[in-house]
Every structure is written in structure tokens, then in C-alpha cells.
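Enquirer: Once you've had a glance at the structure underneath, I'll fire off some questions.
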Amino acid sequence: MANTSVALISGKLYALGESDLPYEIEVTSDGDIITIGRHDFHSSEPFLSMTAHPKIDPDTGETLAFRFHVVPPRLTFFRIGSDGRKGPDVPVFSMKSTALIHDFAVTKNYAIFNDGQMVISPLELLRGRPPMTVDPVKVPRLGVIDRYAEDESGMWWIDVPGFNMSHSVNAWEEDDGETIVVVASNLSSVELALERLDLAQLTLEEIRISVKAKKVITRHPLSSKVLDMAVINPAYAGRRTVVATPMLIVGLVKLDLSLSSDDCVVASRMYEPGCTGNEPFFVPNNAAADEDDGFLVTYVHDEITKESKFLIMDAKSPTLEIVAAVKLPRRVPTGFHGLFVSESHLEKL
């Protein structure tokens with residue numbers, strides 16, 4: 001099953017779900033989506049599942065990904081070359097419990113994983129209880145590994161109390177090479193995540209890590225709003241980024257990450273009453289454009305009229321001005337993650 005996200009990996013389009021292999025799909029000229037089948041990227045090792053949030057390096061074209069499992073190794077890191085062939089597994093045995101790892105972060109030289117408080121305990125099924133639980137006494141950690149590591153011997157872990165990553169926005173290394181910056185949404189009220197998700201709080205945070213001292217230098221929220229599923233200009237993945245646009249479900253905000261503030265919101269747009277939006281995506285004007293020179297696109301559904309629209313917004317505008325709204329012939333239900341694929345890329349698929 002692949003119902004979580006879509007990714008363009010090594011020139012092919014895939015539907016992803018973290019409990020299964022990617023499914024190669026094809027978009028026909030009239031807009032139909034055809035499933036080609038499950039794909040293992042020519043792996044020479046057993047390969048049964050992959051994260052729904054792989055990271056594609058815009059410079060090298062390679063894809064970094066992982067999978068997690070309920071038995072050791074509970075975390076396995078791997079890379080897929082620009083040629084579409086999967087490299088060797090890097091099993092991580094230093095994860096002692098099966099944490100739900102939904103997303104991770106990548107810089108030029110490192111991959112960063114969150115070992116959080118949401119854990120999977122299969123034995124709970126024997127007690128008639130759900131296998132997904134929250135460990136209230138566990139101290140969350142971040143694990144840092146060289147992205148070209150052949151094994152986990154150089155991986156190091158640091159405690160980050162109360163940090164349970166939902167989705168990463170971006171990560172990068174500062175110019176000195178000694179500081180890693182991670183921007184991600186934190187499920188700060190993790191105890192509510194399983195039974196009262198409507199009350200859960202998601203806080204967008206910036207965490208600075210010293211590579212030399214192997215510890216957190218600073219950590220602070222970027223806004224007091226409940227934010228998640230932020231997007232950036234994909235050309236800046238793994239590089240220092242200033243602009244991020246997370247969603248509020250009922251609207252969007254634009255953040256300036258260069259501000260030394262606990263509220264970095266510099267622009268916003270709320271949808272019409274009764275409307276909810278899906279995850280947005282940033283489409284640059286061109287490859288040489290400024291970081292925020294482009295458009296935000298998303299689907300919005302009106303629960304009152306039962307109509308769905310495709311919105312195109314000016315990402316540079318202080319109000320995220322709507323430049324086009326296309327009424328769709330049928331409802332687009334609220335989903336998880338999306339992808340924008342240019343016409344030129346579609347023609348090559």
C-alpha cells in the first residue's frame with residue numbers, strides 16, 4: 001500500500017507508504033494515473049519497505065532514505081544513486097526501542113534521525129491493546145550519521161528532551177562546518193497524539209547542534225501557531241534556507257528563518273470560512289530565481305459548497321496573494337503529502 005506521499009526519484013514517479021515498497025506510477029496524457037508496480041531499486045539485499053519521506057539532493061540527484069522495523073536493526077539507512085540503483089544498507093543497532101520514525105533530515109554531510117517517545121510494541125496486541133504507545137519516561141534523542149557512512153560506528157546520539165519530530169522542514173550546516181541546523185515540527189503534546197490528535201500541539205522549532213561538542217547549542221520555537229507540513233524551495237534542500245511555508249490546515253503562513261525571534265511569520269493567508277487545505281508545494285519561477293520567487297500551489301476543499309479548487313499563490317506577496325483559482329470537476333479529499341511535477345518532467349517519464 002502506498003497512500004502517504006509522491007516522489008520523483010531518479011527520473012521516475014513513485015507513490016510511497018512507509019509500510020511497503022514504493023510503487024512506480026505513470027501519468028497519462030489525459031491525466032489518468034496508472035500503477036506500474038512495486039519497485040526495489042535493483043536492491044541486492046532484502047528490501048521490504050521505505051520511508052514516505054525520502055530526501056532528494058538537488059545537486060547530486062541521489063536519494064537518501066530509511067526504513068524502521070520492530071526487530072533489530074530497528075533503523076536502516078540507505079541511498080539510491082541518481083541512476084536509480086540502491087546502495088548497501090547501513091543498519092543502526094544503537095536504537096534500542098522501536099520508535100515511530102516518520103521523517104528525517106539531511107544536510108550536505110549528515111543524516112539526522114529522531115528517536116522519539118512514540119513507540120511500537122507488538123506485544124501489546126497480545127494484551128488486546130493497540131501496538132502504538134507513548135513512552136512517557138523516555139527522553140527523545142537525535143542521531144547524527146555521516147550520509148556516506150558504511151556502518152553506524154561513527155553515529156552519535158544526543159538527548160533532546162520533549163522533541164518528537166512530526167516532519168522535518170530542512171537542515172543544513174553553517175559555513176564553519178561545526179554547526180548543524182535542523183528545522184522541524186515537534187509534536188510537543190505527544191501524550192495526546194494517539195487518542196486526542198485534535199488537541200495535540202505541533203510547534204515549529206529550530207535546533208542548533210555542535211558537531212564538535214556533540215550537543216544542542218540552542219533550541220527555540222519559530223512561531224506560537226500550530227504549524228506542520230512546511231515546504232521550501234526544493235533547490236535548497238540540505239542547504240541553508242531562509243524561507244519556509246508551513247500549513248495551518250485553514251491557511252498558510254510564510255516564515256523568515258533568519259529572524260532571531262520566537263515568531264518568524266512574515267506573511268499569511270487564511271482560506272475562506274469552511275475551507276481546508278492540503279499540503280502546499282513551492283514552484284520556483286526558474287532555476288536561477290530567488291529562494292521565494294515562485295508560487296505556492298495547493299488543493300482547497302469547501303465543506304459548505306462541497307467544491308474543491310486548485311489555488312496558485314504568489315510566494316513573494318505579503319498576503320500570499322491568490323493569482324489563480326481553478327474550480328475542479330470533482331472533490332479532492334483531504335490527503336497527506338503531494339508533489340508538483342513540471343510538464344517537462346512528465347514528458348520524460
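Glycine is treated like the rest: Cβ placed from N, Cα and C.
Where the annotation comes from TrEMBL, it is an automatic prediction and has not been curated.
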Enquirer: Can you pick which of H167, H301 TrEMBL lists for the same Fe cation site as H53, H102, H337?
Expert: H167
Enquirer: Using the Cβ center of H53, H102, H167, H337 as the Fe cation site position, which other residues in that chain lie within 8 Å, going by their Cβ?
Expert: T4, S5, T51, A52, D103, S166, S168, M229, F336
Enquirer: Helix, strand or coil for H53 (Fe cation binding site)? Use DSSP.
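Expert: The three-state answer is coil.
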Enquirer: Here are the binding-site residues: H53, H167, H337. Which has the lowest count of other Cβ atoms within 10 Å?
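Expert: Counting other Cβ atoms within 10 Å of each of the binding-site residues H53, H167, H337 gives the minimum at H337.
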Enquirer: When you measure from the Cβ of H102 (Fe cation binding site), how many other Cβ atoms are you left with inside 10 Å?
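Expert: I count 19 other Cβ atoms within 10 Å of it.
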